[in-house]
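Sequence annotations record features per position, and here Swiss-Prot assigns transmembrane segment to 13-33, 128-148, 159-179, 183-203, 228-248, 256-276 based on sequence analysis. Taken from Swiss-Prot, the feature Zn(2+) binding site covers 72, 75, 97, 100, and the record attributes it to similarity to another entry.
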């Protein structure tokens, strides 16, 4: 029996493998979340210097998603392999650097745990299938985008656009929606928030959201078809309004403070892709339509 046949015939083993893989990917996503915005800023600065015809900055050491090796931000201690095992290392080190004993942010293990649990659930929901593999990629991308948006109010094109094209490609095989529905989903998803953006700007003179949000909703439409868009917009708006109000009441945000909308879109789109039909059917039954 090949490993593929074993996983296909043992759902629990597939779920456990997906969970472990998710933990490992979550560790890498922590690197992406931290380094990708820095890489983008350096690229923008380089382009600005070139546009202004300024001398290029001297080339420094390589800085990308793989180099240099991760180090403690407090003492510059290079993280060893055994200190980089998802969850286990953080627990073994009791959340502190092995060299200087400075605290390690709890967000690192939480991202790893979230990625692992979400990956395990996707494997359980879809079973051993192409849908599960595709949904894992989308889940990891949405998690990275959401955290970057929380930190920087930025949704990188380098993450959003490849996933948009991937959604169209996989739906050319009808994995989640027909190609026609996926194309309309991408177009309508972009135009829906673009229209809201300009209407809000005309009325208030302010920008209510960023262009990255348009692209993110277009990407979700490319994955689930235009049918997932109404539920995605509704859920993200409700959750965003509720959490925004809670944050204002708790004085964690001031009135007028920009609140990233990307995480709400990501969560709502993920929910709509997994349970959209069930949620819609339950609502129609409740409303007796």
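Indices start at 1 and increase along the chain as displayed.
Placement of Cβ uses the backbone N, Cα and C atoms for every residue, glycine included.
Remote same-chain partners of the transmembrane segment (13-33), defined as residues 6 or more beyond its termini with a Cβ less than 8 Å from a stretch Cβ, comprise 6-7, 65, 70, 84, 86-87, 107-108, 111-120, 122-124, 127-128, 132, 136, 140, 143-144, 147-148, 151.
Sequence-distant contacts of the transmembrane segment (159-179) (same chain, at least 6 residues past either end, Cβ-Cβ under 8 Å): 36, 130-131, 134, 137-138, 141, 144-145, 148, 185-186, 212, 215-216, 218-219, 222-225, 227, 273. Within the same chain, residues at least six positions away from residue 72 (Zn(2+) binding site) with a Cβ under 8 Å of its Cβ are 79, 97, 99, 100, 102. Only residues 6 or more beyond the boundaries of the transmembrane segment (128-148), in the same chain, are considered here, and those with a CB under 8 A from a CB of the stretch are 7-8, 11, 14, 18, 21-22, 25-26, 29, 32-33, 36-37, 111, 114-115, 118-119, 122, 154-156, 159-160, 163, 166-167, 170, 173, 175-176, 216, 223, 262-263, 266-267, 269-270, 273-274. All chains included, 18 other C-beta atoms sit within 10 angstroms of the C-beta of residue 97 (Zn(2+) binding site). The Cβ of residue 100 (Zn(2+) binding site) has 11 other Cβ atoms within 10 Å, all protein chains considered. For the Zn(2+) site, the Cβ centre of 72, 75, 97, 100 serves as reference, and the other residues of the chain with Cβ at most 8 Å from it are 73, 74, 76, 77, 98, 99, 101, 102.
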